[in-house]
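Asker: Pasting a structure below so you can have a look.
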Amino acid sequence: MVKVTDIVLWDKPGEKVLLLGNQAIVRGALEGNIGVYAAYPGTPSSEITDTMAMVAKKAGVYMEYSTNEKVAFETALSASWAGLRAMTAMKHVGLNVAMDSFMTVSYMGINGGLIVVVADDPSMWSSQNEQDTRAIAKFANIPVLEPSSVQEAKDMVKYAFEISEKYGQMVILRTTTRSSHMRGDVVLGELPQEIKEGKRKFGNFKKNPEKYVDIPAFQRPKHPWLLETIEKFREEFNTSPFNWIEGPEDAKVGIIAPGLSYAYVKEALAWLGIDNVKILKLGTPFPVPYGLLEKFFNGLERVLIVEELEPVVEEQVKVWAFDNNINIEIHGKDLVPRVYEMTTRRAVEAVAKFLGVETPINFQEIDEKYKKVQEMVPPRPPSLCPACPHRNTFFAIRKAATPRAIFPSDIGCYTLGVLPPLKTVDTTIAMGGSIGVAHGLSIALNGALGEEQRKTGKEKKIIVATIGDSTFFHTGLPALANAIYNRSNVLIVVMDNMVTAMTGDQPNPGTGETPHGPGKRILIEEVARAMGADFVAVVDPYDIKETYETIKKALEVEGVSVVVSRRACALYRIGQLRREGKQWPIYQVNEEKCTGCKICINAYGCPAIYWDAEKKKARVDPLMCWGCGGCAQVCPFGAFEKVREGEL
């Protein structure tokens, strides 16, 4: 059986293979002779990093899981300054974390080709917003490439390295959830000899303070350079292999479609049976090439711009048309929604309205049927996995702090604690935000410990923040230092499942593992003690009583308390046991002891436990039970009993 990693490394130019969009990006990086790759995982970009981790050593590429996107960007940047081709990848909100360095470096330029892959998430399938990276790139004057197919996802990477070096500027490769996760045919290109041999590349850094030091005197002359450079990219994109005009030359109407919208437009026109439309396919949404625009607009009377999210291309086209006195009817966001991802239906409706034709399908009728079916479907909210240690931690927190407490939380699997029956998440905003919000609430509601006028005793509001291990290292550290320094009065529970679970079980500083060998493990409790936390403890959440008692004790402490709740992610651990051919414990309900009180369902909420309406007893699905024993600990009647021994 051929593995994906083998395909990504295949030395078979011209061979057609099936790859995920994110895997194709890795192949493109290898064909482009990448030297250094650094990233923090974030859906929908995670498979880029995971695939690179699996092939890097064999290809002679240095690859790391960085602690956050800013660090990853700076790692890749410095490799570029040393003359190596480098790449970083992140989800769209990850660019916010890297923005400080990103914006400054736009003035400074690069040496070796530098690619910043940013995976946007229209419709917010796994994100807190759907910000459009193209708009940020326009703000920063950084060029953007956007693939319309898996083949382009690969080919654009090599091209991006080349133009990045040609003009001395980093390039953004903007993908979306769909282009990241779609599969398609890819014709492989040639691998460089160094990649074939797995020869590690080392750079050479030449000191140049005027370029690399960002004091105002050095930076001031660079702003004109930045503006001149983006215009050079605009000229370059007039002949880019990823931009072209298709359709009849005598067409009176035209459609501009950047990135994946091109594929949707082609499908929409096929549905509508229309072929007398000229199309400008754009693989470079910023900057839009004016020379190509001029050719495209020749002879047209009306133009529609079909793009996801923000009117980035539309605004550029309209400004160009106005500046050149081109009096043509231009439509965009008046027909194409500004929110959520592009779909074939959306493209069909927009194009049909633009052309004044009927859609081939009665979408309203489908909507009405969908509503009726939706009413019949039982609610299926997401849930923490069976045996998830976070469930036990949340249960203990809620019991110790009581529901009257305030529970700021963070970004990770544990965000699901917002749902019943746990309901132990009151706020989330961004990575590391739990500790900052907890501190702010503590100051606003109770006051700092150093203040004379502060609330104490029963007047004091209990605030318990929850944050994951990877998130703690990502952006939790500055917030913890701030809370300790400013004498906050909060409990911070670090839910350490010993892996970056939500994005695909990647390592982090708390695991001590790296793709290129053993790393240095950093223990969260040691960091908390070194920072000066007033109370620090480590618990095993599979022991709910111990966890509850420790949290109760921590809540009595004046100051910042840190409790590390450490137990391996159940999904990750079960995978290990399966690969080792080992079994895990299983629990079942003793019907004679079960009183039907439903505490296991209404307060604990493990998905392996269900209600037998006929017998009015709780049941355990043996195929879902992973044997953590939490149910046996929360049941007041001892109705849950272990029926199979095993490891966990």
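Here the Cβ of each residue, glycine as well, is placed from N, Cα and C on the backbone.
Per Swiss-Prot, domain '4Fe-4S ferredoxin-type 1' is recorded for 585-614, and the stated evidence type is sequence analysis. Among the features that Swiss-Prot reports, [4Fe-4S] cluster 1 binding site is placed at Cys594, Cys597, Cys600, Cys635. Look at Swiss-Prot and you will find Cys606, Cys625, Cys628, Cys631 tagged as [4Fe-4S] cluster 2 binding site, backed by similarity to another entry. The domain '4Fe-4S ferredoxin-type 2' annotation in Swiss-Prot covers 616-645 and is backed by sequence analysis.
Walk me through the surroundings of each of these features.
Answerer: Counting same-chain residues at least six beyond the ends of the domain '4Fe-4S ferredoxin-type 1' (585-614), those with a Cβ under 8 angstroms from any Cβ of the stretch are 383-387, 391, 395, 420-422, 620-622, 624-627, 629-632, 634-646, 648.
In the three-state DSSP assignment, the secondary structure recorded for Cys635 ([4Fe-4S] cluster 1 binding site) is coil.
Counting only residues at least six positions away in the same chain, the Cβ atoms of Pro386, Ala387, Ile586, Tyr587, Ala608 sit under 8 Å from the Cβ of Cys625 ([4Fe-4S] cluster 2 binding site). In the three-state DSSP classification, Cys625 ([4Fe-4S] cluster 2 binding site) falls within coil.
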Asker: Same chain only, please: residues at least 6 beyond the ends of the domain '4Fe-4S ferredoxin-type 2' (616-645) with a C-beta under 8 Å from a C-beta of the stretch. Say none if there are none.
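Answerer: 385-389, 391-392, 395, 542, 544-545, 570, 574, 583-591, 593-601, 603-604, 606-610.
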Asker: Radius 10 Å, atoms counted are CB only; among the binding-site residues Cys594, Cys631, Cys635, which position scores highest?
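Answerer: Counting every other Cβ within 10 Å of each candidate, the maximum falls on Cys631.
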Asker: For the domain '4Fe-4S ferredoxin-type 1' (585-614), give the DSSP counts of helix residues, strand residues and coil residues.
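Answerer: Counts, helix then strand then coil: 6 helix, 8 strand, 16 coil.
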Asker: In the predicted model, what is the mean pLDDT computed over the domain '4Fe-4S ferredoxin-type 1' (585-614)?
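Answerer: Summarising the domain '4Fe-4S ferredoxin-type 1' (585-614) by its mean pLDDT gives 94.
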Asker: Relative to the Cβ of Cys597 ([4Fe-4S] cluster 1 binding site), which residues of the same chain, six or more apart in sequence, are found under 8 Å away?
Answerer: Pro636, Phe637
Asker: Using a Cβ-Cβ cut-off under 8 angstroms and a sequence gap of six or more, which residues of the chain neighbour Cys606 ([4Fe-4S] cluster 2 binding site)?
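Answerer: Same-chain residues close to Cys606 ([4Fe-4S] cluster 2 binding site) (Cβ under 8 Å, separated by 6 or more) are Pro386, Ala387, Arg391, Cys600, Gly630, Cys631.
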Asker: Same-chain residues six or more away whose CB lies under 8 A from the CB of Cys628 ([4Fe-4S] cluster 2 binding site)?
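Answerer: In sequence order, the residues whose Cβ lies under 8 Å from that of Cys628 ([4Fe-4S] cluster 2 binding site) (at least 6 apart) are Pro386, Ala387, Cys388, Pro389, Asn392, Tyr542, Ala570, Leu648.
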Asker: Counting across all protein chains shown, how many other Cβ atoms sit within 10 Å of the Cβ of Cys600 ([4Fe-4S] cluster 1 binding site)?
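Answerer: There are 25 such Cβ atoms around Cys600 ([4Fe-4S] cluster 1 binding site).
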Asker: Other than Cys594, Cys597, Cys600, Cys635 themselves, what residues in this chain have Cβ atoms within 8 Å of the centroid of the [4Fe-4S] cluster 1 site's Cβ atoms?
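Answerer: Everything else in range on the chain: Val589, Thr595, Gly596, Lys598, Ile599, Ala618, Cys631, Val634, Pro636, Phe637, Ala639, Phe640.
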